[in-house]
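What TrEMBL records for this protein:
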{"type": "TRANSMEM", "residues": "B:50-70", "note": "transmembrane segment"}
{"type": "TRANSMEM", "residues": "B:90-123", "note": "transmembrane segment"}
{"type": "TRANSMEM", "residues": "B:144-165", "note": "transmembrane segment"}
{"type": "TRANSMEM", "residues": "B:171-189", "note": "transmembrane segment"}
{"type": "REGION", "residues": "B:205-225", "note": "region 'Disordered'"}
{"type": "COMPBIAS", "residues": "B:210-219", "note": "compositional bias 'Low complexity'"}
Amino acid sequence: MEDAALTPASVAGPPDTDDLIACPKCDALYVVHVPKSGERAVCTRCHHVLIAPKAGAVVRVATLSLTVLILLVGAAFFPFLEIRVQGFRNASSVFDAALAFSGPRMVGLSIAVAALIILIPMLRAILTLYVVTPIIADRTPFPGAARCFRLAEELRPWSMAEIFVIGVGVALVKVADLARIEFGPAFWMFGALVVLTVFQDVSMCRWTIWHELDSRARRAGIRLT
Amino acid sequence: MSAPQHTPTAQDAGLIGCTVCAKVWPRGTEFCGRCGEPLRSRDTRSLSRVWAYWIAGWFCYVPANLYPMLRTQMLQSDQASTIVGGAIDLYAHGAAGVALIVLVASVAIPIAKFVAIAYLAISVRRGWQTSGHRRMQLYEFVEFIGRWSMIDVFVVAILSALVQLSVVASIHPGPAALTFALSVVLTMMSARSFDSRMIWDSLEQDSAPEEASPADAPIPEGPSA
């Protein structure tokens, strides 16, 4: 991957602020120069990737979000793991795992786990679709698109499906000599989901989406916020 | 031409950069017109919030290690295990690798995180001249790794949902599951409250010297397409 050089802005006479970009991590100021598809514009001071456009990335983000959404619904309710010991058996879905913390003090934890592994990833997929669909269709952004995209970004660290999958691995080892475990369909759905989520995060250039939203809103003469 | 002393920042130019979408606004603008984020040239209360969450997280982390995380009821036995106790059990069962994962995720990472956040906050406050790039990498590492401590909470959730085989074997969450989850969330919020732009403000000289002085570099017409 090629890194394109960005020109630091002069302190003395800044041009129009629309042509500038400030690194969100270290505040270094540059003149916007959109690199070629596949290249990245990187902050020369802190090496944060500022702009990384890829051809067809927006369409890919949308299809991945849609797939993630479908898989999540399936993964939440289909049996996830099944355990057998001496004639006793118990199948549990991801939803059951989220609701495992019962009792008055643990209810909050149940809600939190459900949110972290199902609800927040689902919400992020829906928000992303809401934001990028008009860009793909070459239309003006939907109302509140900026707020939705900001929320989706804010929720990113709180979407923990991939961590849950590693947790499943550890749990399996813990019960391995206690019982026989069988994988349900939801287990494989969740596995696929994790790979897709990583792909989605990698292929999305945030700056490009913000820029698209902004320029489309301007052309239509509406305000984003 | 002399070596660069300091990469020009939005603050130097009398501007404010948005930390969400990287757009630049004149000083005095309250909200980003593109994404709606409240604009602050530097988050002056950032450090107070970092320490508040840090202390709260530490208060949750200590009981999380003292109280049992899991209660396992089998035909003849009833056993409660703490985080470290659970890892020792795993090791005793011959699963040294998994025991290591649990120890790293629930003991090493949380403690390293507490130390790293405290170090960053103190270094910024005292104006230490340690390499900005090094500290930036540390900060990004803390942000990336923080979520992975949730593994143990998920393991408890999965085991409690799955292992419900009436008298043969059943597993229930212990009080430490709640305090541990809280401590992970609080340290994540502590790290997120840290304004990484402060790392670079305290430096008199950027650590990556380049041949050409950025302040003297010509400003090309920004192709803002």
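Note: Cβ is positioned from N, Cα and C throughout, glycine not excepted.
TrEMBL does not curate its annotations; it predicts them automatically.
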Below 8 angstroms Cβ to Cβ, which residues of this chain, lying six or more residues outside the transmembrane segment (B:144-165), approach it? 69-70, 72, 83, 101-102, 105-106, 109-110, 113, 171-174, 177, 180-181, 184, 187-188, 191
Other than its close neighbours in sequence, what residues sit by the transmembrane segment (B:171-189), given a CB gap under 8 Å and a spacing of at least six beyond its ends? 53-54, 56-58, 60-61, 63-73, 80, 82-83, 106, 110, 113-114, 117, 146-147, 149-150, 152-153, 156-157, 159-160, 162-164
Against which stretches of its own chain does the transmembrane segment (B:90-123) lie, if we need a Cβ under 8 Å and a gap of at least six residues from its ends? 47, 50-51, 54, 57-58, 61, 65, 83-84, 130, 135, 138-139, 141-142, 145-146, 148-149, 151-152, 155, 180, 183-184, 187, 190-191, 194, 199, 202
